[in-house]
Each structure stands twice: as C-alpha cells, then as structure tokens.
Amino acid sequence: MVLLPIVTLLLIALFGDFNNWSHLLRYSLPNTAFNTVALLIGVAIFVGAVGTGAAWLTTAFAFPTRGVLVWAMLLPLSVPSYIMAFAYLDLTHALGPIQSTIREILGYASPREFRLPDVRDMGIFGAVIVLGLSLYSYVYLSVRVMFMSQSANLIEAARTLGCTPSKAFIRVMIPMARPAIAVGISLALLETLNDIGASEFLGIQTMTVSIYTEWTTKHNMQSAAQIAMLMLAVVTVLLYLERISRNRERYSNTQKLKPIEPVRLKGMRATLAIIFGWLPIFVGFFFPASYLIYESYIRIDNYGHVSSDLFDATFNTFMLATIATVITVLLGLIIAWVVRNPRYKFGKILVRLATIGYAVPASVISIGLIYPLGHIDNYISSVMEFLLNAPPQLYITGSIAGLVIIYVIRFLSVSTGALEAGLSRIPLSLDDAAKSLGVKQGKTFMKIHLPLLKPALGAAALLVFVDSMKELSATLLLRPLSFETLSTWLYAEAARETYEEGAIAALLIVLVGIMPVIFLARTQLRHAINHHEKSQ
C-alpha cells in the first residue's frame with residue numbers, strides 16, 4: 001500500500017499526455033519551482049542557523065533560565081506552520097495589534113498615515129520566517145544530542161592551539177555537527193514540502209499549492225499528478241542526502257572522555273544569552289499562542305457559545321485520529337516484532353517502506369492514491385450492486401476510509417520507529433528464557449513483550465494521534481463532501497479572513513500538540529541524566 005501511490009505516479013509520468021508537460025513547463029512550473037526552491041533554501045538557512053545556535057547556547061553556556069530553556073526550545077513544534085501563518089497574518093495586519101500599538105506609540109491615527117508591511121507583503125522572506133519558526137526545533141534536537149555526545153577535550157585542544165571559544169565552535173564543533181545539522185535540516189525541508197496551508201495563506205505559489213489548485217480548482221488531475229512526480233524527485237534527493245548524513249554521523253561520534261562543561265555567563269553576557277535564547281520561543285510559540293487564546297476569548301465573549309459546526313469538526317477530528325491511531329499502531333507493532341524476530345529476513349525492508357510514507361508529502365501520496373482507490377471504489381460498487389442491488393456510490397473516497405488509509409501510510413513510520421525502539425530495549429535473553437521453558441512466541445509476546453512495551457505503545461499512539469489531528473494537506477484533498485476537521489475548519493476560516501472563528505480550532509490543535517512536546521522534553525531530560533551518569 002505504501003508503494004501504490006509512487007507506482008501510480010510513475011505510470012502517469014511515463015504514459016501520460018506529454019503535451020501536458022510542455023504546458024506545465026511553459027506556464028506553471030517556472031514560477032512554482034522557483035518559489036519552492038527559494039523557500040527550501042531560505043528555510044534551510046534559517047533553521048540551520050537558529051537551531052544550531054540554540055543547541056550550542058544551551059550546551060556550552062550556563063545562565064539564568066537555561067534549565068527551562070532547554071525544553072522550551074521544543075514548544076514551537078506544537079504550532080503547525082499553517083497555524084503560525086494564520087496567527088501572524090492577523091498579528092501583523094495593518095489593523096492588527098502589532099501595527100496598531102506602533103502607530104499609537106508614534107502618534108499616528110490610521111493605517112493611511114503609517115503602515116508597515118505585514119507578513120504576506122514580505123513574500124518568500126515572510127514565508128521563510130513563519131516556516132522557520134515552526135521547524136527550527138528539528139535542527140535543535142538533533143544538533144544538541146550531537147553536542148552532548150562530544151568530548152570537552154576537543155574544545156580544550158582547540159584552545160591550547162590558540163582558538164578563542166567562538167573560533168573553536170566554528171572550526172571544531174560545527175564540522176563535527178554537520179551530519180546532525182543536515183539530518184535536522186532534511187526533516188525541516190520535508191515538512192516544508194508537505195506544507196500547503198502556510199504557503200497558500202501567505203500567497204506563495206509552491207509546487208504543493210499548485211497540486212491542490214490543479215486538482216480542486218482546475219480539475220486537472222493529470223497536471224496535478226505530473227507536478228507531484230516532480231516533487232517526488234525532490235524528496236528522493238533530500239532522502240538521499242539525509243541517508244548520507246546519517247551514515248557519516250555514525251563515524252563522527254568519538255568516544256566520550258568527559259562532557260562539555262558549560263561556561264557560566266554573568267552580567268551583560270548572561271542577559272544577551274537570555275534574550276537570544278528566548279526570542280525564537282516567544283516569537284514561535286508565546287506570541288501566536290497568546291493571540292489564539294485572546295481571539296478565542298473574544299469569540300466566546302461576543303457570542304456566548306461555540307459554533308455547533310466547530311463541535312462537529314472537533315468530533316470528526318478525534319474520531320478520525322483515533323481510528324487512524326489504532327490501525328497505525330497495530331501495524332507498527334507487527335512490523336517492529338518482525339524486525340526483532342531473526343527468522344524474518346524482510347524486516348528491514350518493511351521499515352524502509354514505512355519510512356517512505358512519512359517522507360513523501362501528503363499531497364503527493366493523495367494524488368497517487370486517488371486513481372487506484374477510484375478503481376477499487378468502482379469494483380466494490382459493482383459488486384454491491386450485483387449482490388445487494390445497492391445504488392452506485394464511493395465506498396472509500398466518498399467516506400473517511402480514504403483519509404484513514406492515507407493517515408496510516410503517512411504515519412506508519414512514526415509508530416514503527418517508537419515501537420522498534422521499545423522492543424530493542426527488551427533483552428533477547430528474555431525471549432531465549434521463555435523459549436527454553438517451552439513457551440510459544442505468541443504467548444511470549446503477550447505475557448512479556450506487551451507489558452514492557454506499554455510506554456512505547458503510549459508514545460507511538462500519542463505521536464500518531466497528534467500528527468493525524470494536525471494533518472491538513474491530505475485532509476483537504478481526500479475528505480468527503482461537507483466533512484470538516486479542525487484543520488480544514490481553520491483553513492476555511494482563514495480563507496474567509498474570519499480569524500476569531502478559526503482561532504478556537506487552532507487553539508485546540510496547539511493544546512493537543514503540546515503533549516508530544518512534553519514527551520520529547522522528558523526524553524531529552526532522561527538522555528541528559530544518562531549522559532551525566534555515564535560520564536562520572
């Protein structure tokens with residue numbers, strides 16, 4: 001099932017109408033390809049600089065609030081990029097709170113007298129900032145783990161050769177961290193390619209947005225599929241670079257001698273560290289979250305109730321996420337168990353196939369699925385009409401089944417990774433002991449593995465549930481008619497510029513999104529404790 005959309009896109013690319021390619025290359029692709037490449041380059045520079053700087057700041061220096069800052073750096077992960085764009089569209093609007101406050105301070109009465117550009121006016125640059133604020137934590141996570149695993153002797157050796165702390169960072173630590181930086185940037189770029197909401201809200205015509213408009217507005221499925229094929233080529237390049245970086249990372253980790261001892265900052269240096277450390281968190285989390293809380297309060301205060309349609313969207317979201325989570329975690333558990341069992345030689349292949357679904361943008365998977373699912377729908381409808389004389393209908397693409405399928409494909413890698421890691425922590429000696437006592441594998445799994453896997457099962461379910469709640473691209477493209485989730489509700493309200501209505505949906509998504517951030521923070525804390533104990 002994971003390979004089905006990719007095979008479909010390859011067939012369309014090879015056997016489709018080649019005249020359509022010439023039309024795309026002449027009119028559509030030059031602009032969208034330029035915007036996409038410019039956005040990817042800008043986001044790579046932004047997240048690389050901010051994420052690496054934040055990782056070094058919290059690893060190499062000690063200053064007030066550093067302990068909280070270490071995990072607070074993860075908070076922007078709870079704000080999807082389309083919600084970040086939604087919030088800053090209103091915050092930076094000519095009549096929004098930021099520009100209104102500035103005019104009041106400067107003594108201007110209206111936007112006609114004084115107006116600053118809003119985030120949409122900033123074009124690609126504004127989109128880079130919005131997406132970068134939402135995604136820099138990927139680089140921060142991977143690079144900070146790399147810094148924590150390096151020996152302080154490297155820094156000391158550089159200093160004995162006359163390097164200042166800043167030169168030691170640039171000449172020693174940055175080269176050591178390049179694989180981790182590349183991995184974090186690759187993840188951020190894959191998320192950028194998957195984005196549709198932020199780019200469309202900000203008026204940036206990317207390849208992902210083009211897929212959506214070609215499909216839903218122009219009803220040109222072939223053009224959408226051909227653009228998706230080009231995006232798949234971009235994803236392949238990114239995955240190749242990420243794989244090379246991971247391989248290099250294995251050999252760049254030297255044996256620890258002693259952990260890096262943070263340099264205690266005082267006075268102005270400590271103040272600057274606090275300002276620069278907390279700035280991306282305030283801009284990337286507290287400002288948009290505060291805005292959503294305020295707008296939600298205004299909406300409820302003005303009307304005294306929440307729209308019943310929003311309740312329906314909330315119910316649909318939780319129902320859809322729950323179904324997808326149960327199926328995805330069960331499949332992930334099966335794959336993880338197969339990988340652990342040496343009898344099955346194809347376990348690693350299954351893991352790599354699962355990874356494809358998360359790496360490929362949801363819009364690309366949606367285009368690749370719609371053709372085969374349509375044929376399956378027609379077959380099921382014919383069978384039902386023959387057996388039960390049922391009227392023709394779309395049993396998969398006309399129901400939530402299509403959404404569940406794409407959610408499972410997209411997030412199977414998430415559950416598999418969490419459960420594979422959980423199983424790897426269970427010693428194989430327990431399996432051998434059970435086998436020596438004549439206990440069958442199924443009973444061993446139920447009596448030994450499952451109880452020990454409860455934390456990993458909970459983590460996998462949480463991550464899949466939240467990712468399913470936040471998913472916008474696939475939901476927009478494959479949802480049944482008149483079926484709304486919180487993300488599509490927010491998308492519709494943003495299109496109508498009714499920000500108060502959309503704020504409640506956005507706030508609910510952010511509140512649920514904080515849960516995996518807490519989980520990641522606890523994991524990072526355990527890693528730090530283990531690292532400290534091993535260094536003693």
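A Cβ is built for glycine as well, from the same backbone N, Cα and C atoms used for every other residue.
Marked as domain 'ABC transmembrane type-1' by TrEMBL: 33-240 (among others).
Taken from TrEMBL, the feature domain 'ABC transmembrane type-1' covers 314-520 (among others).
Among the features that TrEMBL reports, transmembrane segment is placed at 32-56 (among others).
Positions annotated as transmembrane segment by TrEMBL: 68-89 (among others).
Residues or ranges marked as transmembrane segment in TrEMBL: 124-147 (among others). Through the fold, the transmembrane segment (124-147) approaches residues 35, 38-39, 42-43, 46-48, 50-52, 54-56, 58-60, 70, 73-74, 76-77, 79-81, 84-85, 88, 173, 176-177, 179-181, 183-185, 187-188, 191-192, 195, 198-199, 202, 204, 249, 252-253, 260, 280, 283-284, 520, 524, 527 of its own chain, all at least 6 residues removed from its boundaries and within a Cβ separation under 8 Å.
Feature annotation from TrEMBL assigns transmembrane segment to 168-190 (among others).
Annotated transmembrane segment per TrEMBL: 223-241 (among others), in sequence order.
Within the chain carrying the transmembrane segment (272-294), a Cβ under 8 angstroms from the stretch's Cβ atoms is held by residues 50, 53-54, 57-58, 61, 63-66, 69, 72-73, 75-76, 78-79, 83-84, 87-88, 90-91, 97, 133-134, 136, 265, 503, 506-507, 510, all 6 or more beyond its ends. The feature transmembrane segment is assigned by TrEMBL to 272-294 (among others).
Sequence-distant contacts of the transmembrane segment (314-338) (same chain, six or more residues past either end, CB-CB distance under 8 Å): 344, 346-347, 350-351, 354, 400, 403-404, 407-408, 411-412, 414-416, 418-420, 422-423, 445, 449, 453, 457, 460-461, 464-466, 468-469, 483-487, 505, 508. Annotated transmembrane segment per TrEMBL: 314-338 (among others), in sequence order.
As annotated by TrEMBL, transmembrane segment applies to 350-374 (among others).
Long-range contacts of the transmembrane segment (394-412) within the same chain: residues 1-2, 5, 319-321, 323-324, 327-328, 331-332, 335, 354, 357-358, 362, 365-366, 369-370, 373-374, 376-377, 380-381, 384, 463-464, 467-468, 471, 474-475, 478-481, 483, each at least 6 residues beyond the stretch ends and with a Cβ under 8 Å from a Cβ of the stretch. Per TrEMBL, transmembrane segment is recorded for 394-412 (among others).
Annotation source TrEMBL lists transmembrane segment at 448-466 (among others). Counting only same-chain residues 6+ beyond the ends of the transmembrane segment (448-466), those with a CB under 8 A from a CB of the stretch are 321-322, 324-325, 328-329, 332-333, 337, 411, 414-415, 418-419, 421-423, 425-426, 430-431, 434, 512-513, 515-516, 519.
The annotation transmembrane segment is assigned in TrEMBL to 503-521 (among others). Same-chain residues lying 6+ beyond the ends of the transmembrane segment (503-521) with a Cβ under 8 Å from its Cβ atoms: 71, 74-75, 77-80, 83, 86-87, 141, 288-289, 291-293, 295-296, 299-300, 306, 310, 313-314, 459, 462-463, 465-466, 469-470, 486-487, 489-490, 493.
Using a Cβ-Cβ cut-off under 8 Å and counting only residues 6 or more beyond its ends in the same chain, the transmembrane segment (350-374) has close neighbours at 2-9, 12, 190, 193-194, 196, 208, 211-212, 215, 221, 224-225, 228, 231-232, 235, 238-239, 332, 335, 338-339, 396-397, 402, 405-406, 409-414, 416, 420, 471, 473-474, 477-478.
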